[in-house]
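A short write-up of the structure that comes next.
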Amino acid sequence: MEGIILAAGKGTRMKSDLPKVVHEVAEKPMVLRVYEALVGAGVKRVVAVVGYRKEKVEEILRGRAVIAVQEEQLGTGHAALVAMPYVEDENVIIVPGDTPLLKASTLQALIKKHLETGAYATVLTCFLSNPYGYGRIVRDGYGKIIKIVEEKDATLEEKQIAEVNTGIYCFNTKILKEILPLLKAENAQKEYYLTDVIPLLLERGKVVETITIQDETEVYGVNDRVQLARLTKGVYRRKAEALMQEGVTIIDPETVYIGEEVVVGSDTVIYPNTYLEGKTVIGSGCRLGPNTRITDSVIGNNTEITFSVIIQARVGDEVNVGPFAYLRPGTEIANGVKIGDFVEIKKSFIGEGSKVPHLSYIGDAVVGKGVNIGAGTITCNYDGKNKWETVIEDGAFIGSNTNLVAPIKIGKNAVVGAGSTLTEDVPEKALAIARSRQVNKEDYVK
């Protein structure tokens, strides 16, 4: 079985310069979601029909799908015709590029029905409480499908039909190649409809089957930003429910946003307005949020992160982060560390049991075990041309309001006096003070 993705349309109601299918639903372009569903269903080769700003779709599917170009967007039937020279298998499945919630299991069921019945076409249908905008499935008195009529071409009686066409089909490739050139644009849109293949097949006595999907949300399309937001919410809701079934507590599933590739351990509690993105892995027994964003990071067990942003970092077990901390790419935090309020850490290692409690910037640094870094400490890592490393060894104590001008090394168990600006290394167990002496002028105020 080979597949065709219809991805040529502009999507006028999206009010965008981008093709509709490249808009993202929960971190992933719609057309990529459809492609992955096809591959997950066992489709061995995919042809994507592109048109409006085709290079944007090609960027996403390059190396994945064969690209067929529809220079003029003349309807779904014409798009399928454009793809036909690239289809080699006996059967083909055709899917719109704007159905991002579609499951591979649904496509598998459609393919199975098509192959087992030997039908020339099999249509995936669905019953909707509000079928407005969808093509209706018209059946005869015996329940056999006789045609699919689009909303704009339907009679008042046909508009009362609740069973709709999802726009997803399996076809016998040979007969489809024969029928597509016969389509006519005799409709309100003056387009060539793929749906018109069905009555032409029936006229020739060819078997047409249907299979009905139960979960209507899978086949929801996207025509505007409102629908895009609704489907995005659906993806996040599906992920949240799956995690809750696996032992994760989510205080308010409507206000958390967890990507599909995110892994979360049991007994973790997630508070509102928390974003877990990319390939993030969260351990067990953690407390995340509220108002926290974690992207492409690994978090250990029993760690608490609140009101903070963590991007491409690794955080160990029993770590406390926040509120208002920012861990930037390349940061690694060992077990038992405290990263407090208004602390920014960039491309640094913080050793086990160390503390950076307040108002500090730690960049391009290696911090050992059991180090205490006082409020207002800055690693001055950039000289205007290059970034330099700061090393703070085990047990060191850095006083508040200290500037460490890199490259610099603070030895084991050394102490740095508050208010110092250091430009030279500090030996082990030494006290370093680099500030002016205090002078009190008696009777200064008259």
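A Cβ is built for glycine as well, from the same backbone N, Cα and C atoms used for every other residue.
Matching Ala334, Ala375 to the acetyl-CoA binding residues that Swiss-Prot gives (Asn381, Tyr382, Ser400, Ala418, Arg435) identifies Ala375. With a cut-off of 8 Å between CB atoms and residues at least 6 apart in sequence, the same chain places Val123, Thr125, Tyr134, Gly135, Arg136, Ile137, Ile148, Thr195 near Asn165 (UDP-N-acetyl-alpha-D-glucosamine binding site), listed in sequence order.
The C-beta environment of Tyr361 (UDP-N-acetyl-alpha-D-glucosamine binding site), restricted to residues of the same chain at least 6 apart in sequence and closer than 8 Å, consists of Val343, Glu344, Ile345, Lys346, Thr377, Ile378, Thr379. Here the region 'Pyrophosphorylase' (1-225) has a mean pLDDT of 94 out of 100. Using Cα positions, the member of the binding-site residues Ala375, Tyr382, Ala418, Arg435 nearest to Leu6 (UDP-N-acetyl-alpha-D-glucosamine binding site) is identified as Tyr382.
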